[in-house]
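Asks: Feature list, courtesy of Swiss-Prot:
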type     : residues                     : note
ACT_SITE : HIS193                       : active site, proton donor/acceptor
BINDING  : ASP35                        : Mg(2+) 1 binding site
BINDING  : ASP35, GLU37, HIS193, ASP198 : Mg(2+) 2 binding site
DOMAIN   : 32-206                       : domain 'Exonuclease'
SITE     : PHE41                        : site 'Important for substrate binding and specificity'
SITE     : PHE89                        : site 'Important for substrate binding and specificity'
SITE     : PHE136                       : site 'Important for substrate binding and specificity'
SITE     : PHE158                       : site 'Important for substrate binding and specificity'
Amino acid sequence: MSEDNFDEEFDGTLPSGPRHPMARRFRGYLPVVVDVETGGFNSATDALLEIAATTVGMDEKGFLFPEHTYFFRIEPFEGANIEPAALEFTGIKLDHPLRMAVQEEQALTEIFRGIRKALKANGCKRAILVGHNSSFDLGFLNAAVARTGIKRNPFHPFSSFDTATLAGLAYGQTVLAKACQAAGMEFDNREAHSARYDTEKTAELFCGIVNRWKEMGGWMDDDD
């Protein structure tokens, strides 16, 4: 991904005048959906193998929609543990000639740059991670940030929106595939456990739940 895709950096200054509706919706936080595929369950010792992030936009009526997805395959950090069972579960083949993996720092730098652009466009001050069992994804993200020494992390360090919880409330389902099906979405189990696919499905699920709540009168913009 070329830096030409991003025309300017967010300097932390919010625009003057009326705030964008997205900034009002979540107290200045921009939802960004993240999924990681890993070499195990321990964020301190196990490899980060894939990461995807989908930014969320808002239309003129205040409804959310998945906007742009960033996706990278990651080279395991030096000394990383990789459990064979994890590779079997995800189907990731580390030696595949077309894997085209990059270092953690490059992936995070480019994802964060795109998120900062989205923050500025939406008048938001910080990103908040959305994930299915979000503490897992946030834990691996924070561990990778610490390993690489990246200073400009746009995400809140511990707050998140968990779609497993939201889907349990909305549909009585906590498994991603079953929650998507309950929401009337298509879900291909053959594509599951790819960070890109799971992120985009989680983003669709999150937007659907939030939009359904709005339709029921659960959140009204100041202009509604």
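Every residue gets a Cβ built from N, Cα and C, even glycine.
Since the structure is predicted, the reported quantities are computational estimates derived from the model, not experimental observations.
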Asks: Three states by DSSP: which one describes PHE41 (site 'Important for substrate binding and specificity')?
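Replies: For PHE41 (site 'Important for substrate binding and specificity') - judged by DSSP and reduced to three states - the answer is coil.
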Asks: So which other residues, same chain and not among ASP35, GLU37, HIS193, ASP198, have a Cβ within 8 Å of the centroid of the Cβ atoms at the Mg(2+) 2 site?
Replies: VAL36, GLU50, ALA52, THR90, ALA192, SER194, ALA195, ARG196, TYR197, THR199
Asks: Just counting, how many other CB atoms are there within 10 A of the CB of the residue listed as 'active site, proton donor/acceptor'?
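Replies: A 10 Å sphere around the Cβ of the residue listed as 'active site, proton donor/acceptor' contains 17 other Cβ atoms.
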Asks: I'm trying to understand the geometry here, so how far is the Cα atom of PHE41 (site 'Important for substrate binding and specificity') from the Cα atom of ASP35 (Mg(2+) 1 binding site), in Å to the nearest whole number?
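Replies: Rounded to a whole number, the Cα-Cα distance is 14 Å.
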Asks: Taking just the CA atoms, what is the gap between GLU37 (Mg(2+) 2 binding site) and HIS193 (active site, proton donor/acceptor) in Å?
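Replies: Per the Cα atoms, GLU37 (Mg(2+) 2 binding site) and HIS193 (active site, proton donor/acceptor) stand 7 Å apart.
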Asks: Could you round the CA separation between PHE89 (site 'Important for substrate binding and specificity') and the residue listed as 'Mg(2+) 1 binding site' to a whole angstrom and send it over?
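Replies: That separation, Cα to Cα, works out to 15 Å.
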Asks: Applying a 10 Å Cβ distance cut-off over all chains shown, what neighbour count does PHE158 (site 'Important for substrate binding and specificity') have?
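Replies: I get 10 for this one.
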Asks: Closest of the recorded positions to HIS193 (active site, proton donor/acceptor), Cα to Cα, picking from ASP35, PHE136, PHE158?
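Replies: Comparing Cα positions, the candidate nearest HIS193 (active site, proton donor/acceptor) turns out to be ASP35.
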